[in-house]
Amino acid sequence: MDMMKRVPIAEQAPEERAKNFKEVCLGYTEEEARAEASRCLNCKNPRCVAGCPVSINIPAFLQQVIAGQEAKAAGIIAESSALPAVCGRVCPQETQCEGVCIRGIKGEPVAIGKLERYVADWAREHKLEPENHSEKNGQRVAVIGAGPAGLTCAGDLAKLGYEVKIFEALHEPGGVLVYGIPEFRLPKDTVVAHEVENVKKLGVEIETNTIVGKSVSVDDLLDKEGYDAVFIGSGAGLPMFMHIPGETASGVFSANEFLTRNNLMKAFREDYDTPIFAGKRAIVVGGGNVAMDAARTALRLGAETHIVYRRSEAELPARAEEVHHAKEEGVIFDLLTNPVEILQDENGWVRGVRVIHMELGEPDQSGRRRPVEIPGSEEEIPADTVIMALGTSPNPLLSSTTEGLETNRKGCLIADEKNGQTTREGVFAGGDAVIGAATVILAMGAGKQAARGIDEYLRSKRA
Amino acid sequence: MYKILKKKKLAEQIWLMDVEAPRVAAKCLPGEFLIVKIDRYGERIPLTICDYDREKGTVLIVFQVVGASSYRMAELNEGDFFEDVVGPLGCPSELTKKTPEELRKMNILFVAGGVGTAPVYPQVKWLKEQGVTADVVQGAKNKDLVILEDEMRAVCGDHLYITTDDGSYGFHGLVTAKVEELVEKEGKHYDLCVAIGPMIMMKFVALLTKKLGIPTVASMNPIMVDGTGMCGACRLIVGDEVKFACVDGPEFDAHKIDFDQAMKRARMYASEEGREYLREKEGKTHHGGCGNCGGQQ
Ligand SMILES: Cc1cc2nc3c(=O)[nH]c(=O)nc-3n(C[C@H](O)[C@H](O)[C@H](O)COP(=O)(O)OP(=O)(O)OC[C@H]3O[C@@H](n4cnc5c(N)ncnc54)[C@H](O)[C@@H]3O)c2cc1C
Ligand SMILES: Cc1cc2nc3c(=O)[nH]c(=O)nc-3n(C[C@H](O)[C@H](O)[C@H](O)COP(=O)(O)OP(=O)(O)OC[C@H]3O[C@@H](n4cnc5c(N)ncnc54)[C@H](O)[C@@H]3O)c2cc1C
Ligand code: SF4
Ligand code: SF4
Ligand code: FES
């Protein structure tokens, strides 16, 4: 075995997976996992651990994999993370744990994410259950939002003896994990539902269909319902549009709508009622991970799918692996192209997009070369659907209904990085609601920090 | 789970239900709506809150069977459950922000069309409680489709004007004709008009009141998914701005709404949903052949 190279992992063939919603990556077998884990140098000063926002003791769990002690490996991961089967699948490992792995200096870094997934899947298949031996301390915390930030914060607080209840606006817990990230990257009924169940097994209660700010206010929770502190993990769910003519035509969707219909409402399945329309030719505007997810979903629903992005391939903000998978499956990339108008037919349906071609000019503040329009390069391209994947921002509902809760210019809640304390006493926050659309693992890291912050705050009140 | 305590047929294809939903009942105000989902397979269906009982923790909904989901809803009975009910959603009616003194100085006209009568009722009732009697023009296709007449009369008395398209009851003609008559023949003066009903009706009411110089709000019911501002499905053009009906509305200045665009968008799922409806209705016996619905795939 070449110790510089990763043990390859099985995937569904591109032609096959482009027609179904089953998971793309099939995971390591026991032998493969052991071989890959044995590439770890068990560093004294493991840089990978510092690269993980929740500080999983990576070399320790890898040693247990090598020893064939998966249950022990799972126990080590569980000390730091409540959602390992999720993170192992969707973390941008190349910029986190794996990005700083010593193995990566000369060869390929250890496949930490894939091994974390292997252990988490093993634990699920072997019905390993999380345990919580803490004693109740009599204080209660309300958590708003059942996304990665809220679930992590709630789980950690339950382990510290708090009585915790999560209030979730949608009918299902999980946040972006259930409504945004597609089934073929993150299976819902097996992986997500199971990890949410595990959080509940720690003693956390989840009340769905409750929108804090509408169904109940933060003040009600603190004053009337007897909670001693509140954590806000409400995410950044508000979709942006381009504000170009024709954007309200039928057949124009935000990526959030398109993905919600398909993931949360399961429109791709015949036995669910919610409809979806991908058409024969779908155009996805944007170049990030959300754009890749929307494009690969439209493709699976049978549309010829194009990504329209105004910069070049080098500037695509999506993870390299996602771009690679999208290309393999047949998504077509129309780069250096920007929509200027959405064209409608007489019934108000999308019939195409007028685009303008771009070239790269001088670098802007972000250091990326700025795209500039090429005069006279406009053309019309046909389409039945247009999906806008331009980014999202936090929903103003909580800040506008909670006295003393302040936001910055971008609408993000202001909160202390170290402990999640907001501008209102007893109210903490973390995740996308604070830093804007980011990643699962950063949201979890923030949930953890806030759990510690809340514990400190409530301890001082107890004393 | 949210229990259906009462079910009543108001007219052909129009049903009333009283549903247990304590959190919604505790907080809701006139003008707001909720979302129900029948079971795990169901769609999220937005419906106006037509009445509420804070003590019993119940809310009243009135709905019309128009497609697959409302058809499935009508099959539920007293004692059955909705798997999900969430709310209240949207902004309460602007009227709820005024003081009783301010309200008493106003002449208010409601124009209700079809099942839109249901959401008008709580607003008229609420005004009555503030000591204000509003005028109500309530339109239906024919006599059999007139709903909630007794309830409405109880809160506005002889200020209720019923119209039917075919003249089988009340005034013969469209609601707009009645409004025109009230203002131009009877010399009524209104400071505000609230129109709730089919989009096409609201469009023509808005055109008329613009001509008559009456400020008007319309309650919009575009396609929705989450109802919390997350998906953008419900976006409308109001003035030069794009608004999300679920968080910025559902009530908007009717003179600024682009109704034509909104009506085109509302048809978006008509064909797809129509198929679902046929499949639903004819169940396993439907094996295609009609050429329209794709049959049992
Ligand atoms: C399509 C898509 C793909 C992505 N892919 C990846 C990926 O591959 N890897 C990765 O690391 N990250 C990815 N992300 C980003 C990642 O999912 C988010 O950064 C992460 O989920 C943020 O977690 P959170 O807990 O802060 O918020 P969310 O996951 O957004 O959860 C917030 C929850 O709060 C609820 N809520 C909101 N307001 C209220 C309220 N007022 N009352 C009650 N509940 C409320 C919401 O319904 C939601 O369930 C992706 C995002 C999208 C949209
Ligand atoms: C804020 C709001 C409040 C509402 N309040 C009520 C209410 O109190 N009572 C009531 O009966 N209905 C109300 N509606 C409309 C109701 O949600 C729709 O009738 C329902 O979603 C249709 O579902 P369906 O599957 O049975 O019909 P579908 O199969 O979806 O549609 C059948 C036909 O109805 C049209 N349609 C689809 N969705 C809507 C819609 N949202 N509004 C109007 N037409 C639509 C379609 O174009 C199609 O032609 C409200 C909608 C909104 C957004
Ligand atoms: S949680 Fe994410 S960053 Fe941490 S070890 Fe796992 S894959 Fe790496
Ligand atoms: S940095 Fe890489 S080689 Fe070192 S302990 Fe971490 S995973 Fe193993
Ligand atoms: S219904 Fe999704 S944003 Fe309004």
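Note that the numbers count up from 1, one per residue, in the order the chain is shown.
Using the three backbone atoms N, Cα and C, a Cβ is placed for every residue, glycine included.
Curation plays no part in TrEMBL annotations; they are all automatic predictions.
The annotation FAD binding site is assigned in TrEMBL to B:Val62, B:Phe63, B:Gln64. What TrEMBL records for B:Cys231, B:Cys234, B:Cys246 is [2Fe-2S] cluster binding site.
Contacting chain A by the Cβ rule (under 8 Å between Cβ atoms), the binding-site residues B:Val62, B:Cys231, B:Cys234, B:Cys246 reduce to B:Cys231.
Closest to B:Val62 (FAD binding site) in space, going by CA atoms and restricting to the binding-site residues B:Cys231, B:Cys234, B:Cys246, is B:Cys246. Surrounding the centroid of the Cβ atoms of B:Val62, B:Phe63, B:Gln64, where the record places FAD, the chain contributes additional residues within 8 Å, namely B:Leu10, B:Ile14, B:Trp15, B:Leu16, B:Leu47, B:Ile61, B:Val65, B:Ser70, B:Val115, B:Ala118. For the binding-site residues B:Val62, B:Cys234, the greatest number of Cβ atoms within 10 Å around a candidate Cβ is found at B:Cys234. Look at the Cβ of each of the binding-site residues B:Phe63, B:Gln64, B:Cys231 and count the other Cβ atoms within 10 Å; the largest number goes with B:Cys231. Taking CA atoms as the reference points, B:Cys246 ([2Fe-2S] cluster binding site) and B:Phe63 (FAD binding site) are 18 Å apart. Close to ligand 5, meaning a Cβ under 6 Å from one of its atoms, is not one of the binding-site residues B:Val62, B:Phe63, B:Gln64. Here the C-alpha separation of B:Phe63 (FAD binding site) and B:Cys234 ([2Fe-2S] cluster binding site) works out to 19 Å.
On the backbone, the CA of B:Gln64 (FAD binding site) and the CA of B:Cys234 ([2Fe-2S] cluster binding site) stand 20 Å apart. Less than 6 Å separates the Cβ from ligand 2 in the case of B:Phe63, B:Gln64, drawn from the binding-site residues B:Phe63, B:Gln64, B:Cys231, B:Cys246 in sequence order.
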